[in-house]
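Student: Here's a structure for you.
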(Lines of atoms letter the chains of each structure in order from A and count residues from 1; the text may use other names and numbers.)
(Lines give C-alpha, C1' and ligand atoms only; values in the text may rest on other atoms or scores of the structure.)
Protein backbone atom coordinates (compact mmCIF):
# COMPACT_ATOMS: atom_id res chain seq x y z
CA UNK A 1 0.00 0.00 0.00
CA UNK A 2 1.57 3.31 -1.04
CA UNK A 3 1.77 6.02 1.58
CA UNK A 4 1.19 9.70 1.02
CA UNK A 5 3.71 11.98 2.68
CA UNK A 6 3.81 15.72 2.02
CA UNK A 7 1.86 15.33 -1.23
CA UNK A 8 4.21 12.64 -2.48
CA UNK A 9 3.54 8.97 -2.57
CA UNK A 10 6.23 6.83 -0.98
CA UNK A 11 6.67 3.39 -2.50
CA UNK A 12 8.68 0.74 -0.67
CA UNK A 13 9.90 -2.31 -2.57
CA UNK A 14 11.86 -5.42 -1.70
CA UNK A 15 14.41 -6.10 -4.45
CA UNK A 16 17.59 -7.96 -5.28
CA UNK A 17 19.49 -4.78 -6.17
CA UNK A 18 22.39 -6.05 -4.10
CA UNK A 19 25.35 -3.69 -4.31
CA UNK A 20 26.70 -0.41 -5.65
CA UNK A 21 27.31 -1.75 -9.18
CA UNK A 22 23.66 -2.88 -9.30
CA UNK A 23 22.56 0.57 -8.13
CA UNK A 24 24.72 2.18 -10.83
CA UNK A 25 23.17 -0.14 -13.41
CA UNK A 26 19.63 1.09 -12.69
CA UNK A 27 20.47 4.71 -11.83
CA UNK A 28 20.08 6.38 -15.20
CA UNK A 29 16.75 4.66 -15.92
CA UNK A 30 15.33 5.75 -12.56
CA UNK A 31 16.74 9.27 -12.86
CA UNK A 32 15.15 9.64 -16.30
CA UNK A 33 11.76 8.31 -15.20
CA UNK A 34 9.65 11.45 -15.07
CA UNK A 35 7.29 10.25 -12.32
CA UNK A 36 10.16 9.65 -9.89
CA UNK A 37 11.01 12.64 -7.70
CA UNK A 38 13.55 10.89 -5.49
CA UNK A 39 14.79 7.35 -5.06
CA UNK A 40 17.39 5.33 -3.17
CA UNK A 41 18.29 1.72 -2.47
CA UNK A 42 19.20 0.61 1.05
CA UNK A 43 21.71 -2.05 0.03
CA UNK A 44 22.67 -2.57 3.69
CA UNK A 45 19.17 -3.93 4.30
CA UNK A 46 18.64 -7.67 3.81
CA UNK A 47 15.53 -6.81 1.77
CA UNK A 48 17.54 -4.42 -0.47
CA UNK A 49 14.86 -1.79 -0.08
CA UNK A 50 14.10 0.42 -3.06
CA UNK A 51 12.38 3.60 -1.88
CA UNK A 52 10.71 5.84 -4.42
CA UNK A 53 9.05 9.20 -3.86
CA UNK A 54 6.67 9.92 -6.68
CA UNK A 55 3.63 11.83 -7.86
CA UNK A 56 2.38 8.47 -9.14
CA UNK A 57 0.21 6.61 -6.64
CA UNK A 58 0.26 3.17 -8.27
CA UNK A 59 3.30 0.91 -7.85
CA UNK A 60 2.91 -1.31 -10.93
CA UNK A 61 4.81 0.94 -13.34
CA UNK A 62 7.87 0.96 -11.07
CA UNK A 63 7.77 -2.81 -10.60
CA UNK A 64 7.66 -3.28 -14.39
CA UNK A 65 10.56 -0.87 -14.86
CA UNK A 66 12.77 -2.66 -12.32
CA UNK A 67 11.83 -6.08 -13.75
CA UNK A 68 12.73 -4.85 -17.25
CA UNK A 69 16.13 -3.80 -15.91
CA UNK A 70 16.62 -7.40 -14.78
CA UNK A 71 15.89 -7.19 -11.07
CA UNK A 72 13.21 -8.63 -8.84
CA UNK A 73 10.88 -6.09 -7.29
CA UNK A 74 7.89 -6.56 -5.04
CA UNK A 75 5.94 -4.13 -2.97
CA UNK A 76 6.72 -4.48 0.71
CA UNK A 77 3.62 -4.67 2.84
CA UNK A 78 3.03 -2.85 6.09
CA UNK B 1 -3.76 6.31 3.51
CA UNK B 2 -1.73 6.23 6.68
CA UNK B 3 -1.30 9.28 8.85
CA UNK B 4 1.76 10.17 10.80
CA UNK B 5 1.57 9.22 14.49
CA UNK B 6 3.97 11.49 16.41
CA UNK B 7 3.91 9.45 19.63
CA UNK B 8 4.64 6.23 17.84
CA UNK B 9 7.40 7.90 15.84
CA UNK B 10 9.03 9.21 19.03
CA UNK B 11 8.81 5.74 20.62
CA UNK B 12 10.52 4.23 17.59
CA UNK B 13 13.29 6.87 17.70
CA UNK B 14 13.86 6.15 21.39
CA UNK B 15 14.03 2.43 20.63
CA UNK B 16 16.60 3.10 17.89
CA UNK B 17 18.83 5.01 20.32
CA UNK B 18 18.60 2.13 22.82
CA UNK B 19 19.46 -0.46 20.17
CA UNK B 20 22.46 1.51 18.91
CA UNK B 21 23.76 1.93 22.46
CA UNK B 22 23.30 -1.81 23.06
CA UNK B 23 24.65 -3.22 19.79
CA UNK B 24 26.73 -0.41 18.32
CA UNK B 25 26.16 1.22 14.94
CA UNK B 26 27.40 -1.79 13.00
CA UNK B 27 25.10 -4.12 14.90
CA UNK B 28 22.09 -1.92 14.25
CA UNK B 29 19.76 -2.38 11.30
CA UNK B 30 16.37 -1.16 10.17
CA UNK B 31 15.15 -4.77 10.26
CA UNK B 32 16.20 -5.15 13.92
CA UNK B 33 14.57 -1.85 14.78
CA UNK B 34 11.34 -2.87 13.03
CA UNK B 35 11.27 -6.11 14.98
CA UNK B 36 11.98 -4.41 18.31
CA UNK B 37 9.38 -1.71 17.68
CA UNK B 38 6.76 -4.12 16.40
CA UNK B 39 6.35 -2.36 13.06
CA UNK B 40 7.09 -3.50 9.53
CA UNK B 41 10.37 -2.41 7.91
CA UNK B 42 8.27 -0.72 5.22
CA UNK B 43 6.86 1.63 7.85
CA UNK B 44 10.37 2.74 8.85
CA UNK B 45 11.36 3.31 5.24
CA UNK B 46 8.39 5.62 4.76
CA UNK B 47 10.01 8.15 7.07
CA UNK B 48 13.72 7.41 6.64
CA UNK B 49 15.50 6.77 3.37
CA UNK B 50 17.85 4.29 4.97
CA UNK B 51 19.78 3.51 8.16
CA UNK B 52 22.18 6.40 7.55
CA UNK B 53 19.29 8.85 7.18
CA UNK B 54 17.77 7.66 10.47
CA UNK B 55 21.08 7.83 12.35
CA UNK B 56 21.71 11.37 11.05
CA UNK B 57 18.26 12.47 12.11
CA UNK B 58 18.67 10.96 15.60
CA UNK B 59 22.16 12.38 16.02
CA UNK B 60 21.11 15.88 15.00
CA UNK B 61 18.18 15.79 17.44
CA UNK B 62 20.32 14.64 20.37
CA UNK B 63 23.04 17.19 19.62
CA UNK B 64 20.56 20.05 19.44
CA UNK B 65 18.98 18.92 22.70
CA UNK B 66 22.38 18.75 24.37
CA UNK B 67 23.42 22.18 23.13
CA UNK B 68 20.14 23.79 24.11
CA UNK B 69 20.57 22.31 27.57
CA UNK B 70 24.10 23.62 27.80
CA UNK B 71 22.93 27.19 27.07
CA UNK B 72 20.38 27.21 29.94
CA UNK B 73 20.91 30.23 32.23
CA UNK B 74 24.04 30.99 30.22
CA UNK B 75 24.98 34.23 28.52
CA UNK B 76 28.05 35.26 26.56
CA UNK B 77 28.03 38.43 28.69
CA UNK B 78 28.91 36.51 31.86
CA UNK B 79 32.34 36.71 33.40
CA UNK B 80 34.54 33.81 32.34
CA UNK B 81 34.46 32.26 35.79
CA UNK B 82 30.68 32.48 36.10
CA UNK B 83 30.01 31.33 32.53
CA UNK B 84 32.32 28.33 32.69
CA UNK B 85 30.69 27.30 35.96
CA UNK B 86 27.23 27.38 34.32
CA UNK B 87 28.58 25.38 31.37
CA UNK B 88 30.06 22.73 33.67
CA UNK B 89 26.84 22.48 35.71
CA UNK B 90 24.65 22.22 32.59
CA UNK B 91 26.86 19.68 30.86
CA UNK B 92 27.16 17.55 33.98
CA UNK B 93 23.39 17.71 34.54
CA UNK B 94 22.68 16.69 30.94
CA UNK B 95 25.14 13.84 31.24
CA UNK B 96 23.65 12.55 34.48
CA UNK B 97 20.02 12.95 33.34
CA UNK B 98 20.47 11.51 29.84
CA UNK B 99 22.97 8.66 30.10
CA UNK B 100 21.47 6.88 27.09
CA UNK B 101 21.79 9.87 24.77
CA UNK B 102 25.35 10.49 25.96
CA UNK B 103 26.34 6.90 25.16
CA UNK B 104 24.60 7.21 21.81
CA UNK B 105 26.73 10.23 20.94
CA UNK B 106 29.86 8.30 21.91
CA UNK B 107 28.86 5.63 19.38
CA UNK B 108 28.46 8.30 16.71
CA UNK B 109 31.61 10.24 17.48
CA UNK B 110 33.94 7.96 15.54
CA UNK B 111 31.54 7.13 12.71
CA UNK B 112 31.43 8.74 9.25
CA UNK B 113 27.99 10.18 10.12
CA UNK B 114 29.54 12.41 12.75
CA UNK B 115 31.07 14.79 10.25
CA UNK B 116 27.76 15.25 8.45
CA UNK B 117 26.01 15.88 11.76
CA UNK B 118 28.47 18.47 12.97
CA UNK B 119 27.97 20.32 9.69
CA UNK B 120 24.19 20.38 10.00
CA UNK B 121 23.76 21.19 13.68
CA UNK B 122 22.74 24.68 14.61
CA UNK B 123 25.46 27.26 14.72
CA UNK B 124 23.86 29.31 17.51
CA UNK B 125 25.69 27.23 20.09
CA UNK B 126 29.07 27.69 18.45
CA UNK B 127 28.42 31.41 18.05
CA UNK B 128 27.38 31.91 21.66
CA UNK B 129 30.37 29.97 23.00
CA UNK B 130 32.71 31.76 20.61
CA UNK B 131 31.42 35.15 21.73
CA UNK B 132 31.85 34.15 25.37
CA UNK B 133 35.47 33.12 24.86
CA UNK B 134 36.42 36.18 22.79
CA UNK B 135 34.88 38.54 25.33
CA UNK B 136 36.72 36.79 28.15
CA UNK B 137 40.03 37.20 26.32
CA UNK B 138 39.33 40.91 25.65
CA UNK B 139 38.40 41.46 29.30
CA UNK B 140 41.67 39.85 30.35
CA UNK B 141 39.91 36.98 32.12
CA UNK B 142 41.14 34.22 29.84
CA UNK B 143 44.53 33.44 28.36
CA UNK B 144 44.60 33.31 24.54
CA UNK B 145 45.18 29.76 23.33
CA UNK B 146 44.59 27.66 20.20
CA UNK B 147 41.01 26.33 20.32
CA UNK B 148 42.01 22.71 20.95
CA UNK B 149 44.28 23.68 23.83
CA UNK B 150 41.60 25.90 25.36
CA UNK B 151 38.91 23.24 25.01
CA UNK B 152 41.10 20.47 26.40
CA UNK B 153 41.87 22.46 29.53
CA UNK B 154 38.40 24.00 29.94
CA UNK B 155 36.22 20.92 29.41
CA UNK B 156 38.16 17.66 29.22
CA UNK B 157 38.66 17.48 33.01
CA UNK B 158 34.87 17.55 33.42
CA UNK B 159 34.36 14.83 30.79
CA UNK B 160 37.00 12.65 32.45
CA UNK B 161 35.26 13.04 35.82
CA UNK B 162 32.00 12.01 34.14
CA UNK B 163 33.74 8.93 32.75
CA UNK B 164 34.94 7.98 36.23
CA UNK B 165 31.41 8.57 37.48
CA UNK B 166 29.97 6.24 34.82
CA UNK B 167 32.56 3.58 35.62
CA UNK B 168 31.72 4.06 39.32
CA UNK B 169 35.42 3.81 40.08
CA UNK B 170 38.77 5.34 39.18
CA UNK B 171 42.37 4.14 38.87
CA UNK B 172 42.87 4.89 42.56
CA UNK B 173 39.61 4.10 44.28
CA UNK B 174 36.99 1.38 44.02
CA UNK B 175 34.11 3.81 44.21
CA UNK B 176 33.72 7.26 42.70
CA UNK B 177 30.81 9.66 42.43
CA UNK B 178 30.83 13.04 40.71
CA UNK B 179 29.58 15.39 43.43
CA UNK B 180 29.22 19.18 43.38
CA UNK B 181 32.24 19.55 45.63
CA UNK B 182 34.44 17.39 43.37
CA UNK B 183 33.28 19.47 40.41
CA UNK B 184 33.91 22.79 42.18
CA UNK B 185 37.34 21.64 43.27
CA UNK B 186 38.29 20.67 39.70
CA UNK B 187 36.80 23.83 38.20
CA UNK B 188 38.90 25.96 40.54
CA UNK B 189 42.08 24.33 39.22
CA UNK B 190 40.92 24.78 35.62
CA UNK B 191 40.07 28.47 36.14
CA UNK B 192 43.45 29.04 37.72
CA UNK B 193 45.18 27.43 34.74
CA UNK B 194 43.27 29.56 32.24
CA UNK B 195 43.96 32.92 33.94
CA UNK B 196 46.26 35.16 31.92
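Quick reminder: no glycine exception, Cβ is built from N, Cα and C everywhere.
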Student: Do you know which of B:9-28, B:29-48 TrEMBL annotates as DNA-binding region?
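Tutor: Going through B:9-28, B:29-48 one by one, TrEMBL flags B:29-48 as DNA-binding region.
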Student: For the domain 'HTH tetR-type' (B:6-66), provide the mean pLDDT of the predicted model.
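Tutor: A mean pLDDT of 93 is what the predicted model shows over the domain 'HTH tetR-type' (B:6-66).
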